[in-house]
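Here's the structure we're looking at; comments come further down.
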Amino acid sequence: MISDLDFWVLTILLGIGTFLIRFSFLGIFGGKKMPEWALLHLRYVGVAVFPAIFTPLVVWPPATEGQIDPIRLTAALAALLVGLRVNVIFSIIAGMGTFYALRFFF
Amino acid sequence: MTELTARRAFWRGYLDCAPFILIVIPYSMLFGVVARDAGLDLFQTMSMTILVIAGAAQFTALALLQDNAPVFIALLTALAVNLRMAMYSAALVPHIGHARFSVRALMAYLMVDQAFAVCVKTYEERPDMQPAAKVAYYFGCMMLICPFWYGFTFVGAYVGQAIPASLSLDFALPICFIALTGPLLRSVPHYVAALVSGVAILCFAWVPWNLGIMVAATLAMISGAQTELYLRRRAAKGAA
């Protein structure tokens, strides 16, 4: 059971902290020009962050207690390939579709 | 390409983000269900979702509190999960940093992964986009996702255990991030950065408090930037 005090302290501080993280650069640098070297690196933020989030979830899924699961690996690969060739929505459909189809058959 | 007025940019963003409804609905419902299971009431669940509006961090914080972790540990771990958004914030400055302070604050509050990925892709594909259109596009993206996030958290919290575990909705999360990454892989440096990120996170999985993500992302950004510089030098040499 989570105590009310714990919950509210956590939620309010997490709300403020999360906002400050999101606002950080937009707040400070808004309207100013960023140096060239920063812009060079910032072009890669998306491709640098997202694989770091999904790779462990695909390779060591919490639902299998970290055991490698060939079905999840295949489904992830399907989502990636379709995402490269087609678009976001078909990537999601291909990934989840492959996942459910393989689970149904095996 | 036709020039986008602010109004049309808003609706374009709205439509471009529409596919993510597929992910946002089950994910937000799941948070509602998990929060009620953890013993939060409806008001607490909705307060957290509206104040924090960051799924992964909310799940993390809740799980740690349930495990009887000290509040400040739960707080720091959840904030570490959100640190990636400082990078989003920086990456958005060249595009929407010109907006008024209060508008930037509102944009910061609404910043989520899906909309960030969609915005950055569009901004880079359409360098002719006017600053006002970029801001409108950003709000279009968020205005679709945000109400669904609130609404279906409420539905999940209200209805309760409506999602059977056999659906394995946990897997929707990595699939969402894969779907975000695919369209961003436009050049060799992008591929290099993504590969370094994926390998690095497996090597740095031991780093406590989810900070491995920041390590992997930093290495990946440096790799992408260096690859770009290398290719530019090589092209310059070839031309000379």
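Cβ atoms here come from the backbone N, Cα and C positions, even for glycine.
Outside the transmembrane segment (B:12-34), and at least 6 residues removed from its termini, the chain residues within Cβ reach (under 8 Å) are 4, 45, 49, 55, 58-59, 62, 114-115, 118-119, 122, 136-145, 148-163, 169, 172-173, 175-176, 179. Residues annotated as transmembrane segment in TrEMBL: B:12-34 (among others).
Per TrEMBL, the feature transmembrane segment maps to B:46-65 (among others).
Within the same chain, residues 54, 56-58, 60-61, 64-65, 107-108, 111, 113, 116, 119-120, 138, 209-211, 213-214, 217, 221 sit at least 6 positions outside the transmembrane segment (B:72-93) and bring their C-beta atoms closer than 8 Å to a C-beta of that stretch. Per TrEMBL, the feature transmembrane segment maps to B:72-93 (among others).
Here TrEMBL flags B:135-152 (among others) as transmembrane segment. Listed by sequence, the residues of this chain that lie at least six past the ends of the transmembrane segment (B:135-152) yet keep a Cβ under 8 A from its Cβ atoms are 4, 6-7, 9-18, 20-21, 24-25, 28-29, 32, 46, 49-50, 53, 55, 92, 96, 99, 103, 107, 110-112, 114-115, 118-119, 122, 129.
Summarising the annotation, TrEMBL assigns transmembrane segment to B:158-181 (among others).
Counting same-chain residues at least six beyond the ends of the transmembrane segment (B:188-207), those with a Cβ under 8 angstroms from any Cβ of the stretch are 181, 213, 215-217, 219-221, 223-225, 227-228, 231. According to TrEMBL, the feature transmembrane segment maps to B:188-207 (among others).
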